[in-house]
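Chemist: Before I ask anything, let me first share the structure, which is written out below as structure tokens.
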Amino acid sequence: MQVSEITHRTKTRPVKVGPLTIGGNNEVVIQSMTTTKTHDVEATVAEINRLAEAGCQIVRVACPDERAANAIADIKKRISIPLVVDIHFDYKLALKAIEGGADKIRINPGNIGRREKVEAVVKAAKDKGIPIRIGVNAGSLEKRILEKYGYPTADGMVESALHHIKILEDLDFHDIIVSMKASDVNLAIEAYEKAAKAFDYPLHLGITESGTLFAGTVKSAAGLGAILSKGIGNTMRISLSADPVEEVKVARELLKSFGLASNAATLISCPTCGRIEIDLISIANEVEEYISKIKAPIKVAVLGCAVNGPGEAREADIGIAGARGEGLLFRKGKIVRKVPEETMVEELKKEIDILAEEHYAKLEAEKAKLKEETQKA
């Protein structure tokens, strides 16, 4: 499908990945990738479970050989989030991964050989109802495209994507997700913009080979932030040379910055100044760690000045502003009570828990109401 303007994420074609629907709504799904050898089932499952606990919603594993492919079924049985299997050239590995219960495969159909091999993979994916992700990478574009454009360009990347899409569409396969990764931020932004104009399949966002924890976080936030701000993107991975749990943490913070994470708590904290009379930095870090696993849209403020604090964080749901020997606990900018400095963090945590429980109870009530209405209908 050729469109003339950017396809906003809410207008992309919905594609199912396990129990999740990718595209067709405002939720951008967080993805990461394991660093373990996939054939080591114990290590891989342990890492996936750590990622899921941190907020990862889809996980990808490498499948370079038959040992890895044979492990997919065992891994799948022991994890709680959808599993994507990364295949490069061997279609037989794709077939084995699909048979093992993969929720999605990442494969470029133009790279796996003769048409009958592609047909076999497409038929297996169709039979199981799983999508295929086409992964275009500026560093591995086809020779003919590099010869045409001279070097990796956004137009060349889109042409590569359309080539692989057409192979699948010609086989009447449309459960497709596409990524347009580059390590150059400007190239990635341009490629995703052009892709969003060229087709309406969901886009998986990423800046590849972005670097170490600090540099990669900055680079990914710069590139993916620009793309997200244009309404582009349905799934996202922050690629870091670090523990993959850090990728998930950065992704959550980035989505929260754009108001795209409906199930995450957010921290507001001031940059500190000479007026501060509490150890604000350590308090902010402690609170940030505490709220990292709370799946509720709560804004929490930690501020060092009792004079300006409540006013500066009027939009926060709950917060503390420290002063000498005490803190002010406030909700929605209004002071609730004074608390001693030594207990103010614990008091704040209690209030956070109350708000989280209220949110969870509201969700359960909404679910019950919806179930009742469905039964009546």
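Note: Cβ is positioned from N, Cα and C throughout, glycine not excepted.
Per Swiss-Prot, the feature [4Fe-4S] cluster binding site maps to Cys270, Cys273, Cys305, Glu312.
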Chemist: Given the binding-site residues Cys270, Cys273, Cys305, which one has the fewest other C-beta atoms within 10 angstroms of its C-beta?
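Modeler: If we count Cβ atoms within 10 Å for the binding-site residues Cys270, Cys273, Cys305, the smallest count is at Cys273.
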Chemist: Should Cys270 ([4Fe-4S] cluster binding site) be counted as helix, strand, or coil on the basis of DSSP?
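Modeler: Cys270 ([4Fe-4S] cluster binding site) sits in coil per DSSP, no helix or strand.
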